Amino acid sequence: MSERPVCAFLWLIWLFLTSFLWRCLFAVLWCCQYTPNPNSTLCPTLHDREPQKAVGGEGRVHRVMESTLTARDRVGVQDFVLLENYTSEAAFIENLRRRFGEKLIYTYIGSVLVSVNPYKDLEIYSKAHMERYRGVSFYEISPHIYAVSDNTYRAMRTERRDQCILISGESGAGKTEASKKILQYYATTCPVTDHMSTIRDRLLQSNPVLEAFGNAKTLRNDNSSRFGKYMDVQFDFRGAPIGGHILNYLLEKSRVVHQNHGERNFHIFYQLLEGGEQDQLSKLGLERNAQKYHYLVKGCCPRVSSINDKSDWKTVRKALTVIGFHEEEVEDLLNIIASVLHLGNTQFGEGEDGETQITTEPQLTYLSKLLGVDGPALREALTHKKLTAKGEEVSPLSFEQAVAARDALAKAVYGRAFTWLVAKINQSLAFKDEVYNSSKGSSSVIGLLDIYGFEVFQHNSFEQFCINYCNEKLQQLFIKLTLKSEQEEYEAEGITWEPVKYFDNKIICDLVEEKHKGFISILDEECLRPGEPSDISFLEKLEDTLGGHAHFVTHKLANGKTRKAVGREEFRLIHYAGEVNYTVNGELANQSVICQSDNQILSQCFNREEVTTQKRPETAATQFKNSLAKLIEILMSKEPSYVRCIKPNDAKQSGRFDEALVRHQVKYLGLMENLRVRRAGFAYRRRYEAFLQRYKSLCPGTWPNWQGRLADGVATLVQHLGYKPEEYKLGKTKIFIRFPKTLFTTEDALEARRPALALTLQTSWRGYRERAKYHRIRNAVIQSAWRGMKSRRKARRRRHAAEIIRKFIKGFIYRHYERCPENEYFLDHQRFSFLMTLVRNPPKSVLDKSWPVPPPSLTEASEHLCRLCMQNMMRAYCRRIQPEWKKQMEQKVVASQIFQDQKDSYPQSVPKLFVASRLGREFNLKVIQTLGNDKVKYGVAVTKYDRRGYKARPRQLLLTSSFAVLVAEAKLKQRIDYAALRSISVSSLTDGFMVLHVPSEDNKQKSDVVLQCDHVIEVVTKLATMADKKNKVNISQDSIKFAVARGKEGVIDFTSGPELKVAKGKKGHLLVVSSLAPGC
């Protein structure tokens, strides 16, 4: 057997062995994961999607999500749905505590993300982490805010449906930071252009501006959002952010005039005082000392160690510029901020007649200047009120009423300025391409709702009532959408839907918002009735209308045990999250004077019609109810995702977990109810391919590979594992497992199976290593033989090349000798080279005279070949010539014979074709009839000069086959027979003169004819050809003599000049001045 088939056979065996070995190795590695990473992921529960790659820390790739279940006793489960005792609140909190202790702050409840504030920076928000979660399915890797962001973004792109993310939690739970992380994720990972980069920057810079005007330091949080915010981020068809819009809810206006001990007013007041330039502060009438302002000292906390007001002021000013605020707008906005501080320092006293008056005149002066209003009108508005009853009456305010009016005005001014600020930011974020906006489906939206969670304080005001009412509506929306998505997935997989029992809080929502009977309707009715409304009358109205409702309790309606917990001026609502006692207080605001403000912002915020109209304004509760209804409508039109934020302690300390506080938040966020709804069906679901790929090693029938249908493979696997029918269901593409314990048992079986798999891996590796060693030795021998064979082939080629070179050199030396063995190879090579050169580069046309130089031995053959080649090309050329073109060339040859190097205008006539006639269809019918059978073959317009006097007369020269005729106005003036034509004379210059010489003895002729024509070369050529007088054309240098009559001669003298000129010269000669410009 030859060495080539042996090598090929061994190579095929090597490929087969290595391919089989690597398949076994990958199969074992797929099922064996030695080091469970607590940060990897959780198994999927709801809304499972196609698994994709997920790159973990240090370059690891997590392809399966259940690997952390074996470490559940240490780090807990990453989805509360997998809690065995899911009804236990203690088990829920214990799982949170375990994960918090391992610095795992994110946990799922199905598709809901629960976030615990770590109160320190964690290294999990870098760009590398963003890339880790980018494009990865929701449950593929560990829970994270980026997973929610990416899942929402991809759902928007693929399903082309608007999305929203609802973020809720107590103050200090991290809601604002969560919304920031979501915006940063989109700003970093989404495609962007120059225009879109501007929008992205404005979206990010809107956060510090809104935080400055809407956030404050509270006991629970140094940067607490004191308003609810809903932001829409608009994306184009490529997924790039192109615009945004913000809606604000429930700004805590009471904070403007009052703060609890240890709390501060809104950040912007302190930032202005600390960071504003001295000239600016002087212009505003402010001092760089927060202690001097009544509205800033009530909390006794003007400075906070964790807040740098001066640095934040620079950030805010830069952000205002980026967003697009003009300097005039910023100045008006700061005037309003300063005016609020001056309002707080406005003091009242009693005059001599007991009336209330303003005692701080400087404050009033600054207020009228900053607000742009009339000073006396402002004084009147702060100390008096207008009553409309059968006319307008002005009534003075008491001291307490004046203080309340001042505070109400401050809150109204700040609140409406904040609303204007949000509207201005919306103008900056709006996408302004009208053509783009008009195209249907051109963009999609992701909404971010950052709003208070359920709140319960010792004293709960109307603001807490609105907040809890909002959360009640959001809980109702969440339960509906959760059950809807569950039911849709069950129906898609062919699983029977079992109705889920849950607490429907619609009864509580109706208690608040039902027409004519609800809390808000009663509040509106009480506020609009004649007289002064009071808290007692309002409570009595509530007791009369809602007294029998199961979720409403007052001190009067409560039993003995409950009565102690409800004050006489309080009422209790039993919410889905617990019982809350509320106290309602009224507000007063005199805004009529502000409607006349010169401040551009205030003039937009306060409408004059609000004061002049007789229509009762809507109450705050009704306004909030309507805005909440609009918000719910917006959320219902989108596909929601949820983030529930929890703070672990009130001290803002990292690593501290206060179980009582966490339990309180778990209850009021409704997390247990969420979990119960999720667990009403199946706790775990997984696509067939992923489930079979992970657990196939546990069944001999599916190991190492299953070749049939995936559903059949999963059925074989679960049957071997001993699953009971009530523990699982098989859908169309997924397996549904009801109990987490079933999954944990399966995962434990896989863990027990791993040693055997590891042994298989070790055995395969040792075998591979030894076989690789053998192949290296064998390959070394084969390579040595192969290199020897290649070297021998190379040596043979070199010897052959050397022999050829030697023959060539010797032949070159003997090239001039007769053919002999020494020069035979060289001469043959010469002949071959000459012939190949001739084949590759023959002459291209009959005018191509190039021909390669032949060797001496082929000189005669080269001449024959050249002659044959030229003859062949000439024949081919002649065959291609058309008759018209042949005639044209014959005439050009005649012209060349006559005029070449003789007449100056000849070179310019060569490229111009001769025509059949220059007269076209101008032949007169009488002339044709006179000529009879003699057809005109050529005609041209000429000028005839008389023999006496040289008068120019226009004529037509017609050429027939036997004579030439001069015609004028249909009359034949002269006929010249070709036989009688003696010769033709022309000059050597560029003029167009010619003389036809005829015998003067002939009585039929009128002596010589002097003609001038623009086409003299063409005319002479055709005339000479037809008359066969080619040799009778005379070309004279200076003059031409012609016969005038018998015995008399005329002379034409020719000279050169700037232009053609014909005149009678001396001695009766005809003087022709030829132009220097050549003619034809």
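From the backbone N, Cα and C atoms, a Cβ is placed for every residue, glycine too.
Caution: TrEMBL annotation is automatic and unverified by curators.
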### Query
region 'Actin-binding' per TrEMBL sits at which of 536-558, 628-650, 674-696, 743-765?
628-650
## Note on the structure
Model confidence over the domain 'Myosin motor' (76-751), as mean pLDDT, sits at 81
### Task
Provide the number of Cβ atoms within 10 Å of the Cβ of Lys175 (ATP binding site), excluding the reference atom itself.
28
### Query
Within 10 angstroms of the C-beta of Glu170 (ATP binding site), what count of other C-beta atoms is obtained when all protein chains are considered?
25
### Message
By the count of other Cβ atoms within 10 Å, pick out the sparsest of the binding-site residues Ser171, Thr176.
### Response
Ser171
### Local Cβ density at Gly174 (ATP binding site) - other Cβ atoms counted within 10 Å
24
### Task
Please name the residue among the binding-site residues Gly169, Gly172 whose C-beta has the most neighbouring C-beta atoms within 10 angstroms.
Gly169
### Task
Helix, strand, coil: count each for the residues of the region 'Actin-binding' (628-650), based on DSSP.
9 helix, 8 strand, 6 coil
